[in-house]
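Q: Please read through the structure below; I'll follow up with questions.
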């Protein structure tokens, strides 16, 4: 019975130890070494995370002293700063691109950039949580905490890999868009130069004509221009004449209406004054007649 218990204990310890050991993995294509600064910075973050996943004695010691989270913070900031710088560099080359396409690509790239930053932040927070749990050790053994941390790190690592690959693809599309915009700009310049060359050839051909032909051509263009100006002037004069006639008619109508209003205002007043004046004269005459003495008769 004791032998059986011993075998079971050894088997359980071996299983816990096996969970802690990370499986060997090749270097992922998303963090391959390249010439782009942001990929180099992400590669340093990735290498450091692979080292943390070993959960060696040195790793556990630095986890408890917050050394690991501090290192990850620096690597995170370097990576996101490099991504932002590379994105700004590409935006300078996207000027010839249509604004709606440029806005869409920028929005997609910004979302992928945010996801990568959130993944790295989640890794750092999980390691900080492990540090707190190890310091507290509330009802759990160190082996259990390490096994759970190893499992979480494997999941976070896969998520980080997926979002890093997505960001890499978005940046590639962004770069292709910048290249296409630059090609369109070069094509537009080429077309403009060809147009200028064609105009120069036409001017050279015109210069090579005899003086008389050039004079006739200029005279013909000048006559055409004068006729056009004369026609425009006549049309304008006719418009002015019509406008003046309309103004005259309107003024006459307004004057007649005003005269009618004045007549309507003053005729009743004049008629009333006439009646009052006639009444006044009658009253005066009556008063004068009444006050005149009758001549006395002589005997």
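Any Cβ shown, glycine's included, is placed from N, Cα and C.
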Q: Quick one: which of 53-63, 152-162 does Swiss-Prot have down as region 'LDL and other lipoprotein receptors binding'?
A: 152-162
Q: Which range, 27-39, 40-52, 261-273, does Swiss-Prot list as region 'Specificity for association with VLDL'?
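A: When 27-39, 40-52, 261-273 are checked in Swiss-Prot, region 'Specificity for association with VLDL' belongs to 261-273.
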Q: Write out how many residues of the region 'Specificity for association with VLDL' (261-273) are helix, how many strand and how many coil, based on DSSP.
A: 13 helix, 0 strand, 0 coil
Q: Tell me whether the repeat '3' (118-139) sits in contact with the repeat '1' (75-95), defined here as at least 3 Cβ pairs under 8 Å among residues 6 or more apart in sequence.
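A: Stretch pair touches.
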Q: Using C-alpha atoms only, work out the spacing between residue 225 (heparin binding site) and residue 141 (phosphoserine) and round it to an integer in Å.
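A: So the Cα of residue 141 (phosphoserine) lies 99 Å away from that of residue 225 (heparin binding site).
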Q: Which one is it, among the binding-site residues 156, 158, 219, 223, that lies nearest to residue 137 (methionine sulfoxide) by Cα separation?
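A: Given the candidates 156, 158, 219, 223, the nearest one is 156.
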Q: Using a Cβ-Cβ cut-off under 8 angstroms and a sequence gap of six or more, which residues of the chain neighbour residue 156 (heparin binding site)?
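A: Once residues fewer than 6 apart are set aside, residue 156 (heparin binding site) is near 119, 122, 123, 126.
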Q: Whole-number Å distance between the CA of residue 223 (heparin binding site) and the CA of residue 141 (phosphoserine)?
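A: That comes out at 104 Å between the alpha carbons.
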